[in-house]
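Chemist: Can you read through this structure? Questions will come right after.
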């Protein structure tokens with residue numbers, strides 16, 4: 001879609017091209033055509049197709065105050081990088097999961113065929129082998145209970161409070177700050193470049209689809225009405241990098257704040273995805289080391305009692 005909009009196509013022509021080229025499922029194209037007939041904008045149409053709130057917010061702002069074609073190019077770039085990270089993560093987890101599967105198979109075979117034919121003391125390894133299914137279900141039940149409890153707790157919090165709670169985990173703080181800083185810097189840069197004042201931006205934010213965008217917009221407006229500056233209000237948000245507030249504070253007196261924020265957003269997005277890629281490189285050896293160590297320990301715990309039982313003959 002980004003290429004078509006950049007080439008001068010309007011929305012109806014883009015949807016018609018998608019229908020004729022069969023690059024998109026017919027069901028999705030039909031939904032888009034129905035949205036066009038009812039007078040919906042692109043962001044409204046994609047909302048019905050369950051696109052993320054942050055993507056919809058970027059599109060909505062571009063439709064009202066920015067360049068839709070360049071915004072689509074930016075979104076496409078971000079989604080491609082996100083997909084690449086997801087593929088790396090999937091590849092990272094696949095091999096360890098296969099190893100664990102074969103380990104479970106081996107333990108099952110030992111439980112069913114080998115251990116019943118050996119007179120062995122009830123060691124920890126033998127207990128684990130005999131009760132592996134119960135232990136696994138118990139562990140999964142505990143994990144599921146924890147996940148449900150955390151979700152219920154987070155539902156009672158505002159979006160900003162959720163981010164603040166997550167940022168207390170040291171390994172998540174830098175990712176959340178970089179991601180949200182890049183997102184807000186990009187959108188604020190675009191809006192400022194279109195001539196909107198900082199006060200108007202806080203109002204526009206409250207009309208968008210992203211909950212965090214709405215919440216921050218409401219907070220900014222309330223704090224500015226209380227006499228606080230836009231930059232000071234931004235500085236009070238712990239989930240945004242301090243550098244963003246400094247750029248706004250010094251840039252308010254210049255005519256290039258919009259351009260500077262857009263450039264800073266580009267650098268922040270690059271930093272975010274670079275950080276994710278480095279995390280993948282760090283996590284991979286940890287996972288393999290953990291799986292290898294677990295396999296060695298279980299094998300040692302299983303084979304030593306068997307070896308001792310053979311020595312008794």
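Placed from the backbone N, Cα and C atoms, the Cβ positions cover glycine too.
Checked TrEMBL, it gives:
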type	residues	note
DOMAIN	1-116	domain 'Type II secretion system protein GspF'
TRANSMEM	89-115	transmembrane segment
TRANSMEM	135-154	transmembrane segment
DOMAIN	184-305	domain 'Type II secretion system protein GspF'
TRANSMEM	286-307	transmembrane segment
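Help me picture these features in the structure, burial and contacts included.
Modeler: When pLDDT is averaged over the domain 'Type II secretion system protein GspF' (184-305), the result is 83.
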Chemist: Within the domain 'Type II secretion system protein GspF' (1-116), count helix residues (DSSP H, G, I), strand residues (E, B) and coil residues, in that order.
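Modeler: Going by DSSP assignments, the domain 'Type II secretion system protein GspF' (1-116) contains 97 helix, 0 strand, 19 coil.
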